[in-house]
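A quick write-up on the structure given underneath.
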Amino acid sequence: MLIASQLEPTYARTVYPCFDEPAMKATFNIRIVHDPSYVALSNMPAIDVSEMKDENGSLWTVTTFNTSLKMSTYLTAFVICDFDYVTRTERGNEIRIWARKEAVKNGYVDYALNITGPIFSFLEDLLNVSYPLPKTDLVALPDFGAGAMENWGLMTFQESSLMYLPSDKFTSRKAMIAIIVSHELGHQACEMLRHFLFLFKWFGNLVTMNWWNDLWLNEGLASYFEYLGATFVEPKLSLDKIFYDHVVQPVLREDNEIGVRSLSESEDKIKGSFSLMSLFDSITYNKGASITWMLSGFLTEKLFIKALTLYLKEFSFSNANQDDLWTHIQMVVDSQDEVQLPASVKQIMDSWTCQNGFPVLTLNLTTGTITQEQFLNKKNENSTDSYNNTWIIPISWMRNGSSQPLMWLDKGSKMFPEMQVSESEYDWILLNVNLSGYYRVNYDQLNLKRLAHLLENDPKAIPAVSRFQLIDDVFALTQFGYIQIETALELTKYLAREDELFIWNMVLLNLVPENWESTLKNYEVYPLLKKYLLKRMLPIYHYYAGFIHQNVDALEDDYFAQVYLEKLFATACWLGLQDCLNLSSELYAKWMDDPEYKIPFLIRRTVSCYGVAVGSDKEWNFAWEMYNHTDSTKEDKDILLSAMSCAKESWLLYRYLQYGLSDTLFSSNCTSIIILYVVAKDIGHRIAWEFVTENWPLLSERYGKELLHDVLKVMGRFVNTDVQIQELQVFYNATLEEDEREATTLLLEFTKSENMERRQQLIKIANWLQKNVDD
């Protein structure tokens, strides 16, 4: 038995009567009556434990806790468990980490214990505030929907966010734990990677937002600190790369739809149209952190921290809104003369927090003119000209490799004489260096040619984060109709000299998106892509294959290898690189000879898939046998479920689907997973579709319409003609209600038009590759 509370945003009112608003702070006296064989935890230390009998004469324990500090209702918390803990004291603050007894015994929470204290101290020193509580409990919960929660003095986490298995040689888990823990502590004053740095959240507890519409003040600032804290704890992490890759880039991909909200919305608008829960999203966390990073960049970290310290001192134990923060930053800016701003802090920052979306800057190098407009999809008729948002934009830039003084664009368009370039092709300009600003850049053809030329001759002249951003920007600009795909492809010619895995990952996600893999093989672009990409991938592929062959443990500090090596290897095998296929067979055979052998974790999914694909029924049967082993973990099982769908022989796939139906062989929720794995494969999609139609009565009884929707979504990737839609329609017209039929037809029509557009794009890519494949 286990009880744990999660009261953010508005659930305190379901536990005790209260004014459940973040601005109404109070002190709390908590007393819990519980079964004597359990321990009760709350925000404050227990001051008394006594016994009482109920009317049936049964004995209960009464735990009484010290009066809490003045705080918001959503931060009150309690846990009743039979867990064990490890403890250490840091600057008088007792830190205890609680988890299931066997997890504590096996040392799974030791890493978290070792970094929690130092992160607290780092934050205290950085922000010059002392942590106001005598103790902090961190509890690892086997099942917890929120990921992690910064209750003051009693933080709760999913187990995976707090446990680091000593046998898990891999930093990515450590990094994520470091990030989540510092995030939560950061609230206390100030997904995998985010989880440890949660410790940073204590500053949201000290100064809470007036109301939920300024939630980003809590979460965005904490997300910024969590990355500072993570590098403090794990200095080997290259923070800037991880920050752009995990925080900035994903939210830039989302923050460009018409309906996306702004970072700070008015209270009325939220009360009228949003649910509070929908505010806990990537706009709040990632965009909040990105614009905090930008703010810290143009102010300098020194001034930013100084302003935050003042802000924390003034508003401790009370509430603030974003204007209060801007006022304190303005005070610090006014008291010095090194940093000059083109407008007030409030005007600059409101342009980023109160408007939705973000700008794209277009640069003309002949005249040195930069113009800004909101980045929207030009292919959607309804999205153009509907906004005339203008931002006040800090522009960090470099010319021919040397950094230039910061510039500001504070209106729609402006001329910068310093940015006019000469005739020489060695005269180039790069804007938004290291992605320090929250925007995209659209260069003119002249500069792009020069940058492409530079990348081929000396890629390291452009910092890694800027290479990442340059290529990400051109693909996003292509996707939204600002430039042609050929322009983007010119920037990939240099890739044989690219040794950064996170850049390769982004290129591959753009050129070989996961949901295209099964269909791309049917087009003439495939052999061209194969030749063009493999030629460029070989250096980085062989570099990492060397470690896999000789000493995979040497990669334990290479964070991006933990996260992205799989995609690189999977693509190499998908492109038919013989060395990759042989490596997969070899490691898979090694595992078959000795089931105790562990395929290197970093590429286990790819090796298992291609081991089965290249093999025969013998390899498939081995995967099946291993799947049924009792001691394989949930992750191992999922890898094997996926691998068994990689078989190249139709009868094996058909038999796999048949196995999936049987109650005795699988728990029922696996069947739908098996079907979805098979339907996504190039030879599997017909087999799975026939299987679904033949067995529909049984399947619909088990999974209802949900499964059919999921299968149709995947089938949609293969739909290129009306005839194919009609074929699917015949089936779902007989099985779905009328309104569902309409929705499904719309979905397929939309998918078909997307596929047609993709086909046009693939023809363009093929034509370009035809001309450039031998370069």
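The backbone N, Cα and C atoms fix where each Cβ goes, and this holds for glycine too.
In TrEMBL, annotation is done automatically, which means it is predicted and not curated.
Note that the structure is predicted; figures quoted are calculated from it, not measured.
Over in TrEMBL, the protein carries these features:
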DOMAIN    2-75  domain 'Aminopeptidase N-like N-terminal'
DOMAIN    111-352  domain 'Peptidase M1 membrane alanine aminopeptidase'
BINDING   His183, His187, Glu219  Zn(2+) binding site
ACT_SITE  Glu184  active site, proton acceptor
SITE      Tyr285  site 'Transition state stabilizer'
DOMAIN    428-735  domain 'ERAP1-like C-terminal'
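Cα of Tyr285 (site 'Transition state stabilizer') to Cα of Glu219 (Zn(2+) binding site): a distance of 6 Å.
Summarised by DSSP class, the composition of the domain 'Aminopeptidase N-like N-terminal' (2-75) is 6 helix, 27 strand, 41 coil. Per-residue pLDDT, averaged over the domain 'Aminopeptidase N-like N-terminal' (2-75), rounds to 95. Take the CB of Glu219 (Zn(2+) binding site) and look out to 10 A: across all protein chains shown you find 25 other CB atoms.
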